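A.B. asks: Please find one structure pasted underneath; my questions will follow.
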Amino acid sequence: MAMSILKLRNSPALRSAANISPIGVLSRAFSKLSEGTDITSAAPGVSLQKARSWDEGVSSKFSTTPLTDIFKGKKVVIFGLPGAYTGVCSQQHVPSYKSHMDKFKAKGIDSVICVSVNDPYTINGWAEKIGAKDAIEFYGDFDGKFHKSLGLDKDLSAALLGPRSERWSAYVEDGKVKAVNVEEAPSDFKVTGAEVILGQI
């Protein structure tokens, strides 16, 4: 079943019908997120949870961050990944952004954000372990509502991960999506790295 779905998603006919470009190859066909989308309107009432320790969560009364606070009036690069502590995410995806932070700042980017379908405590521990928390802002999407609203949710039960997300990236200016890229498979790392999105800003 899973193989049949993968073949369908990769079929030339499907790509041609959707008129999809090589960069962001699945963004128009399989998600609601596309150039011109207002990301805050696409996920109404949804908040993210800034990475923090459990004690910080208690002291903040388990506060969350509205999307308007993250995106409005700002130039933001955001990338989503299947999960903290997983291979490609830890070894390639996050490091690609961490190593290009100076270039993002030179282009006037206010925030580089990583979001994952994890609780904020798990993603906090992971961000600290890979030494990226000081460079990148990490947010949890603990219940997956953010990714579901954008059509970027993904069932990764086959890898014992359960409901997660696609691997994706976007450049967002004042809430409006200017560029978006989605990998063909969450295990891929071809179009969502820092170098690709830098070329789209």
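Heads up, the Cβ atoms here are built off N, Cα and C, so glycines get one too.
Sequence annotations record features per position, and here TrEMBL assigns active site, cysteine sulfenic acid (-SOH) intermediate to Cys89. Marked as domain 'Thioredoxin' by TrEMBL: 37-201.
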A.B. asks: What count of other C-beta atoms do you get within 10 angstroms of the C-beta of Cys89 (active site, cysteine sulfenic acid (-SOH) intermediate), across all chains shown?
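C.D. replies: Its Cβ shell of radius 10 Å holds 23 other Cβ atoms.
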A.B. asks: Please compute the mean pLDDT of the model over the domain 'Thioredoxin' (37-201).
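C.D. replies: The average pLDDT of the model in the domain 'Thioredoxin' (37-201) works out to 90.
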